[in-house]
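Working notes, structure below.
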Amino acid sequence: MSVSAAPAIPQYSVSDYMKFALAGAIGCGSTHSSMVPIDVVKTRIQLEPTVYNKGMVGSFKQIIAGEGAGALLTGFGPTLLGYSIQGAFKFGGYEVFKKFFIDNLGYDTASRYKNSVYMGSAAMAEFLADIALCPLEATRIRLVSQPQFANGLVGGFSRILKEEGIGSFYSGFTPILFKQIPYNIAKFLVFERASEFYYGFAGPKEKLSSTSTTLLNLLSGLTAGLAAAIVSQPADTLLSKVNKTKKAPGQSTVGLLAQLAKQLGFFGSFAGLPTRLVMVGTLTSLQFGIYGSLKSTLGCPPTIEIGGGGH
């Protein structure tokens, strides 16, 4: 569709952005915490592929047999809290930055370069989200990889802080950025374009039922999740390794990353991909489904849709 007269751009209040953030927090927090058992298996496969080498189902059985079913909920606390905070920044921030770019570029220019608007908005929102997420993600990975390390979120967080200092929470910040920023760019870019594609067949959004809209959000989210999982898988594996490995004296984070990347190799960096495709595809689909439904429930104004083919 060619760019036509610019539609009226909604003006959001602080309250509106808070509603976007709340919807994102609930969507991300609930979905990530519900996937904790799968994430425990994925992380174990990444960290100890020679031990957990029987695939997803076999590794589930192996963990339950060796440690009990409760081991599959390891890291639930930091996952729920961390990803709720991240979701608030991720979705709320995306709306903030998309509005910022449209206001400053003008609607016509934003329409011509909408892929860049989507990508820039997603990247900036994710950077802020990762600052908040990093300490809790480091704690989660430590609890999953070392089940005897501490008893829950508070114990794990306190022990890391006491024994290794606050800087250790951000030892994985660089790989988190390498993982999450490409992931979030792919997630929102593919979701936006997939939505355009699917709505092109289904018809105008305003003429569809709420059930149809939710189903299209779920389908677009699934498409986005599969793409995002593949793009970010090598950095996800590297992140798991970084949070388990202590740096040698004088070794920089970049040096440790290079060392671990060399050890993993190309195929090793994709360890656990099938499991992660299931997990990320499912949770991304649910996130966008929940986010869309909650925006309606909370009385959020409509998000800005950018027309045109875009670059």
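Any Cβ shown, glycine's included, is placed from N, Cα and C.
Relative to the membrane, Ala194 and Arg276 are recorded by Swiss-Prot on the same side. Per Swiss-Prot, the residue annotated phosphoserine among Ser15, Ser145, Ser158, Ser293 is Ser145. Within its own chain, the topological domain 'Mitochondrial matrix' (137-165) is flanked in space by residues 39-40, 43-44, 47, 67, 71, 74-75, 77-79, 81-82, 171-172, 176, 239-240, 243-244, which lie at least six positions past its ends and keep a Cβ under 8 Å from the stretch. Across the repeat 'Solcar 3' (212-297), the prediction's mean pLDDT works out to 85.
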